[in-house]
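Novice: Pulled these features from TrEMBL for this protein:
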DOMAIN    B:2-51  domain 'GatD N-terminal'
DOMAIN    B:75-257  domain 'L-asparaginase N-terminal'
ACT_SITE  B:Thr83  active site
ACT_SITE  B:Thr159  active site
ACT_SITE  B:Asp160  active site
ACT_SITE  B:Lys236  active site
DOMAIN    B:288-391  domain 'Asparaginase/glutaminase C-terminal'
Number of protein chains: 2
Amino acid sequence: MDLGDRVLVERNGISYEGVLMPSRRADHVVIKLKNGYNIGLKARESDIKLIEKGKEIKSQQLDRPLKDKPGLPPVSILSTGGTIASKVDYRTGAVTSQFSAGEIITAIPELEEIANYRARVIYQILSENMRSDYWTALARSVAEEIERGAEGVVITHGTDTMMYTAAALSFMLKTPVPVVLVGSQRSSDRPSSDASMNAVCAATVATSDIAEVSVVMHGTTNDDYCTIHRGTRVRKMHTSRRDAFQTINQHPLGRVDYLSRKVETYLPFCHRGEVEMELNERLEPRCSLVKYTPGSSPEILHYYIDKGYRGVVLEGTGLGHVASDWIEGIGRAKEENIPVVVTSQCLRGRICDRVYDTGRDMLDAGAIEGGDMLPEVALVKLMWVLANNPEEVVTLMKTSLAGEISHSIPITV
Amino acid sequence: MDLGDRVLVERNGISYEGVLMPSRRADHVVIKLKNGYNIGLKARESDIKLIEKGKEIKSQQLDRPLKDKPGLPPVSILSTGGTIASKVDYRTGAVTSQFSAGEIITAIPELEEIANYRARVIYQILSENMRSDYWTALARSVAEEIERGAEGVVITHGTDTMMYTAAALSFMLKTPVPVVLVGSQRSSDRPSSDASMNAVCAATVATSDIAEVSVVMHGTTNDDYCTIHRGTRVRKMHTSRRDAFQTINQHPLGRVDYLSRKVETYLPFCHRGEVEMELNERLEPRCSLVKYTPGSSPEILHYYIDKGYRGVVLEGTGLGHVASDWIEGIGRAKEENIPVVVTSQCLRGRICDRVYDTGRDMLDAGAIEGGDMLPEVALVKLMWVLANNPEEVVTLMKTSLAGEISHSIPITV
């Protein structure tokens, strides 16, 4: 059998039908199912039955050169990998993460009506492999594009860790133009793909007046509009839905209607040209997010201190609690000049450690209240503050630097 | 000044007005603000100004004996502490966690219309101090009450970790009668308290046909109905709102209208008397929930293996991913017979590690897909499975034992 053939694979009494695709392991077959997903199965050659030979289909020409149209603003597209940058091999049906930014533009003709593009491939990785030094390099690339005259920047990114990257760029960059992260939950070969609409809406925001780091993704499961999320307030809240991204503890920045390309905003935002570009891209990677669970050992906190971590974000329960036996560790961290920031595994709502005894003891030991910051955003912010202004860490962690904390409202709300 | 006096405290240019309350520290004053919350402030005596002397108010008689009314079913109320069990000292306004179950009943006269009660104080703790051996003892107490003839059990519990306790009881108990956990987000001295309505709705569910472990809490921010959540599907999703509890990845079991006390159900459920009582209360506490964040060190996983943990739940990104450099650690865990279960920090949606390369590599290394289980529930379940049926851990972690996993539906949904 050849790649591209339609096959039936039997495993433990279940039959899988699909197109045979390249596999990286000899003992595995990978087939593309009807729903567009690839599935890897441990199978021997004898488990595979041929249904139909694959047809030879010529690969579509994707690399036609970009032509500038007069009157359209210059926008840079930086690709980092992920599903939105996945390219379908038309012979095998395989999806790979090697679709360059230039190819994205030529594959989605509507984009050409919105802007003139400069495209760069920054990374070709699955976003679970992102890390802080990549964020730093990416921020430098964004700054370069802005300095070269880009009036907007679109970053294509895997959805898994897009919220972390968005937060990192939000702290590292002050930007006079829109910086928009976009991804897709379904690859472009699937009927339900969100890649085109998300890309078109992202380009629209990149040419708008919203000069902030934002995430633009499907607003509903329909193809009606995309939501514009502030980079420090957004979270992936579903593993597979197209409207997985949600703004937490605030209204979204706004939305883009897909057909009319009209941008509506719901919040005050930073306007185009309002600030000069400023890049502070250093991060302290030795920070950790620790999720507290009932009965978990306080030794876990001591482990991070012993290992030389420079900061810890606790994801506590409710208003921001850990068990009483963790408080000694918080005190030790304080003595060793390691900030411990408290956030909540509830995700929604505000930390308040002055209400109950445990919280007050945590504050006495030196814990820093994270306000209504998302735990993941608090982690990225702590990395940034420790690298850029370690003397002011307590004050800065409680102050909104990029829209990540709301003014404290009475907890009765 | 005396406890109970109305005072003004000045701190850093902010004035706090409220009732002076007992403080556990000499350098702190605690005052009860108008909104009902207590706040602890570092202050010297000279920072405190008297506004009005407190009045001597006689403590309300709360301990009148319970009288059985004919025709009402016997329900046991077990109290473990938390806000719903907090008692207001009417002289000082202080809220303590020492309200016994008997006092709850006499304080909420509507309860007496629903059932005849037997009340026991099991713990008097803040729920962040809950842990697995307390769950075991609590499950034994519930089983005792059922064996003594209780036709329903209500457990009052702090809201911080109620979801973990609910999950633990769901795995430990097969129950022929309703077992209902209830808490409150606002203590009973506050105008917006949810304590009474939640308790009344919980007692109503305890006398209903829903013989499952459930959580009953405010369904909206109004006082209209409570939602009945399955114990393995519920999560506290807001730090302070009264409708903080939500069922994730499923419909709720049902709801209770507060005024009419009518119970509606939305899902098939286990009916009264359908199963015999069975108690399997052992847990393996050496399990850990590890939340993956970009760039976090794979050494973290090795730490838990080195420390003798018997199981690990990973809270991965998206469909269930960690960075490629964590895969070796998953392989080592497998070799050392330590199950690694993968869940998602998205919370909503289903794990599928067969779609992308990273996921397939994780499965090859021995990772176990957690389906659409909540990470916290997967942790508690792993503790239970390891203690009760360690040979079958892979199969059981993928099988719904107490409604915690839905039948796999195609990932396109």
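Cβ from N, Cα, C; glycine included.
Remember, it's a predicted structure, so these values are computed and weren't measured experimentally.
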Novice: Validating a neighbour-count step here. Other CB atoms within 10 A of the CB of B:Thr83 (active site): how many?
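Specialist: For B:Thr83 (active site), the 10 Å Cβ neighbour count is 28.
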Novice: Sorted by position, what residues of the same chain at least six away from B:Asp160 (active site) have a C-beta under 8 A from it?
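Specialist: In sequence order, the residues whose Cβ lies under 8 Å from that of B:Asp160 (active site) (at least 6 apart) are B:Gly82, B:Leu126, B:Ser127, B:Glu128, B:Lys236.
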Novice: Between the Cα atoms of B:Thr83 (active site) and B:Thr159 (active site), what distance do you get, rounded to the nearest Å?
Specialist: 8
Novice: Is it possible to get the count of other C-beta atoms within 10 angstroms of the C-beta of B:Thr159 (active site)?
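Specialist: By my count, 29.
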Novice: Give me the mean pLDDT over the domain 'GatD N-terminal' (B:2-51), rounded to a whole number.
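Specialist: Over the domain 'GatD N-terminal' (B:2-51), the predicted model scores a mean pLDDT of 80.
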Novice: What are the helix, strand and coil residue counts for the domain 'Asparaginase/glutaminase C-terminal' (B:288-391) according to DSSP?
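Specialist: Helix, strand and coil residues of the domain 'Asparaginase/glutaminase C-terminal' (B:288-391) number 45 helix, 20 strand, 39 coil.
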Novice: Can you count helix, strand and coil residues in the domain 'GatD N-terminal' (B:2-51) using DSSP?
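Specialist: Here the numbers are 3 helix, 29 strand, 18 coil.
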Novice: Indicate whether B:Thr83 (active site) is helix, strand or coil by DSSP.
Specialist: helix
